[in-house]
Amino acid sequence: MMNQDTLPNLYDLSLAEMERLMTAWGQPAYRARQIFRQLYVNLVDSPLAMTDLPLALRERLVAETRLAPLAPEQVHVADQGLTRKALFRLENGVLIESVLMIYPDRATVCVSTQAGCGMGCVFCATGTLGLLRNLSPGDIVAQVVWAAREMRRFAAERCISPSLAPPDDDSWWTPDTLEDQGSSEARSISVSRLSNIVFMGMGEPFANYDRWWRAVEILHDPRGLNMGARSMTVSTVGLIPGIRRLATETLPINLAISLHAPDDALRSALMPVNRRYPLAALLEATRDYLAATGRRVSFEYVLLQGKNDEPEHAAKLAALLHGEAGTTPLPLHLVHVNLIPWNPVPGMPLGRSERRRVLTFQRILRERGIACTVRVERGVSIAAACGQLAGARGLNVEC
């Protein structure tokens, strides 16, 4: 019997690679398109369910390939069922987490690109694990397939008719509010399928760039899940080579950069990566990215009580983005700041900014002409919010 670990994972294969496999097997190329459709449109979990294929081909797929859909070991639910965090155990035993967030007009899945993370940001639960391993393209794609299946079940339960395609727009930008939308949101749901992907789960995508980008191309393929490029967002701690590489890619993926501090001393204390890629170099790379793409960039800023949330921090951040601190000025019409009140992580001696401080910080930035919103929170009670994913039961916040 062949070792299952050495067999090709169907979720790892692009359509072109699947066509080459079929050709090598003496099959017509259109068989690959049938398989691709079964995987990403019909969302089957076994080659035997691909009933438009000859039985002999289905049996060969079972024998000579792997199809490893993710089945969660745990699913935690919050926000009246509109936020769902899944804990998955991968084939080699490591744990990762994904979060599905359902809104009235869209459904977004937050997926992991690594098991653990080696960036060591002091406010993030994932960083406490260290880097366990990079995820394969198939590991990343399988998380999205899980979310697509969840949305199919959700729509069926609510008798929502499927929409034809996900929005290819800027709907990932967060609403300008801190208010809990509550039960009215649950009643007004009309979305029926997965529409957005954010690569903001466990890990640093640009530290696993090649595998992450292969997953992006598979997810974008119009013959499969057909996720619009502008419906996908990648978040980085500021790995400059990745930012520069993304600027050259043909798919216009949205970019979010974790900033979290307005000066090098504070940012280095919060984010060790700043010692390698300090703010001046990061802003220069951001300016070059904006010039090359013309696409908006979001700066994410986690607010920590008494550490980076004072009015003087907001003023320094505004000066930084305006280029008044000896750094590269940015075209502010292409810049957005996303404020994120810190979400608690057990054992971390940090505090969450008060609402008053959050709104003051936002006001100062807006008065300087900087677009700024506060992220609407989801899943805090189940440790599914920003910075809380740890891929381990012991670090989860109990409901």
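Every residue number used here counts from 1 along the chain in the order it is shown.
Note: Cβ is positioned from N, Cα and C throughout, glycine not excepted.
Under the heading active site, proton acceptor, Swiss-Prot lists GLU97, citing sequence analysis as support.
In this model, the domain 'Radical SAM core' (103-381) carries an average pLDDT of 88. Positions annotated as domain 'Radical SAM core' by Swiss-Prot, on the basis of sequence analysis: 103-381.
According to Swiss-Prot, the disulfide bond annotation covers CYS110-CYS386, on the basis of sequence analysis. Note: CYS110 (disulfide bond) has non-local neighbours SER98, VAL99, LEU100, MET101, VAL198, MET200, GLY201, i.e. same-chain residues 6+ apart with C-beta under 8 A of its own C-beta.
Annotation note: CYS117 ([4Fe-4S] cluster binding site) sits in a coil segment as assigned by DSSP. For CYS117 ([4Fe-4S] cluster binding site), applying a Cβ distance below 8 Å and a minimum sequence separation of six or more within one chain yields CYS124, THR126, GLY127, LEU129, GLY130, LEU131, MET202, GLY203, GLU204. Under the heading [4Fe-4S] cluster binding site, Swiss-Prot lists CYS117, CYS121, CYS124, citing sequence analysis as support.
The DSSP secondary structure for SER235 (S-adenosyl-L-methionine binding site) is strand. The S-adenosyl-L-methionine binding site annotation in Swiss-Prot covers GLY203, GLU204, SER235, SER258, LEU259, HIS260, ASN343.
Positions annotated as active site, S-methylcysteine intermediate by Swiss-Prot, on the basis of sequence analysis: CYS386.
Summarising the environment of SER235 (S-adenosyl-L-methionine binding site), the number of other Cβ atoms within 10 Å of its Cβ, over all protein chains shown, is 22. Largest Cα-Cα distance over the residues recorded as binding S-adenosyl-L-methionine, namely GLY203, GLU204, SER235, SER258, LEU259, HIS260, ASN343, equals 19 Å.
All protein chains included, GLU97 (active site, proton acceptor) registers 28 other Cβ atoms within 10 Å of its own Cβ. The Cβ of CYS121 has fewer other Cβ atoms within 10 Å than any other of the binding-site residues CYS121, CYS124, LEU259.
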